[in-house]
């Protein structure tokens, strides 16, 4: 009995012993909150969304852990920038990640581990046009407008 | 009577090599100088041809004036046109603005204002007298109609009339003011109005604007950044208006706002200013909800062959990952 409880106390946190986490740790990024966030995003991409070839890399300019991966087999590589929500973000750092040349996703990691992905692209990207079918509203709309005026 | 100049803006040639130039009016028509009036520090345009000239250059502005025939609504407004500070600065740099408040307008105008106020006072007095008379006759009618033939209440009646006379007040808000809604004034014989004559372009540029009001250093750098982004986007042919409704700096249209919906919400920030990731998510979400792309715009970092600094743009789009 005491043996079991003793072992339970000694059993380390599963994250710390995870090989992916240990790989990120070896990149020697000082911001441990960011490394933790990167691990959570890694798990989401690889296990939940089943992305392929997910790997971690260090950004020298930003001193953070970035992730790379493919959404599907044969899809292009994308860069994911994990960031805890309490850390500041600058346009400069976004540009650094975009300069790597791959499509970029920012992933904001909240304190309750909620993950939100935001697509970021260089340049001016026209939004999608409204989808049809387009219907002439007819006289009802016209009458409504006239009444309002 | 009104001459409709259908002017079409022409692109200057050879734009591909140079940094984005500002679109000018074609060489066949002489570049037009618009007269800018100031109300405190707000730059306003009053003349029809000025509004048209400015629209032809791709600047939209915002109409401010009430229309006398359709009062108490904000759906459709009339002249004057308020220019964005960036729009005014752009026009000034193109030597296309002239100060419309120059040349003797001061003395003449203050005399006209004095006369107008005196007229108002006279009208107020007249109306006050008439209103008192009205009330007295109404009181008389009310008191005597119920006591036909009897002389008893005449003392009370006199007392009431005197009390009314003493305590009667005619507030300014009750005064009726007549407005002429006929087509006169600015539109009619507009060329004759000396105080609207605008011929000499303002040559003093950037410092002229700075000298007008005291600006803090932070505001100044933000204003400079906004102007650079405005000029760059305008140079690429977009139309820009202010984006207060969407929490951004500018709304960017692919063409005239009367014909298109905006494509982008431009947010101007310096490359090194820090935001919270939550703010980025918030504005990106807003943009997705209204079918517009949020554009983070930062001047600097891009060098063109001509040496002019460019602007870096990052588009925020819906990720589709739920």
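Here the Cβ of each residue, glycine as well, is placed from N, Cα and C on the backbone.
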Of the residue ranges B:1-28, B:29-56, the one that TrEMBL records as region 'Disordered': B:1-28
Quick one: Cα separation, residue B:292 (active site) versus residue B:261 (active site), in Å? 9
Determine how many residues of the domain 'tRNA intron endonuclease catalytic' (B:225-298) DSSP places in helix, in strand and in coil. 27 helix, 21 strand, 26 coil
Within 10 angstroms of the C-beta of residue B:261 (active site), what count of other C-beta atoms is obtained when all protein chains are considered? 14
Over the domain 'tRNA intron endonuclease catalytic' (B:225-298), what is the model's mean pLDDT? 94
In whole Å, how far does the CA atom of residue B:261 (active site) lie from that of residue B:253 (active site)? 6
